[in-house]
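Input: a single structure, listed below in structure tokens.
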Amino acid sequence: MRLCDTDIERYLDDGIIALTPRPSNDKINGATIDVRLGNSFRVFREHSAPYIDLSGPKEQVSAQLESVMSEEILIGENDAFFLHPGELALATTLESVKLPANIIGWLDGRSSLARLGLMVHVTAHRIDPGWEGRIVLEFFNSGKLPLALRPNMVIGALSFEILSGYAARPYSSRKNAKYKNQQSAVASRIDEDK
């Protein structure tokens, strides 16, 4: 069952779901809560790697990933990050999210941004039960013009569903959880897959 706005407010008030900083109640609508853009970004830098062999030896994949991803880019509160047509970038939500083991979250982009060609998440929009940390966004500009993205702008909306029970292996308790407690735009850690 997906939570409605009054349930989202109650779950936030009771500490069952936590968003830090907590959005005001006017950011909770129908069945979603707005989330804002943080100030941490990563981009693909100019590189000479012809490809990334996703099923190759872990050390090779790790070295290839390291060669193509930038260091973390932090921008000021009043600055803009420009995403050009055809570019992919990673960013984070301003809010850190904490979910219990019996609730799953979903991130959706905003229709108004999609109509300009901005995809907020390429495929990863599920927030696992037991998640704790900021949400990394996989931005892609499929439009024709560069887009100026600024910290604190509303970038998407979260919705929540109650599971049929408590997950036996929530994200926060898994030893192999690659993105546990992430607070910045963490690059792919596919080389850590088992």
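Glycine too: its Cβ is placed from the backbone N, Cα and C atoms.
Note that the structure is predicted; figures quoted are calculated from it, not measured.
S112 (dCTP binding site) falls within a helix when secondary structure is assigned with DSSP. Under a cutoff of 8 A between CB atoms, and with a sequence separation of 6+ in the same chain, S112 (dCTP binding site) has no neighbours. Per Swiss-Prot, dCTP binding site is recorded for R110, S111, S112, L113, A114, R115, D128, V136, L137, E138, Y171, K178, Q182.
As annotated by Swiss-Prot, active site, proton donor/acceptor applies to E138. Under 8 Å, Cβ to Cβ, and six or more positions away along its own chain, E138 (active site, proton donor/acceptor) finds L88, L90, M119, V120, H121, V122, T123, A124.
Under the three-state DSSP scheme, D128 (dCTP binding site) falls in the coil class. The highest number of surrounding Cβ atoms within 10 Å, among the binding-site residues R110, A114, D128, L137, is found at L137.
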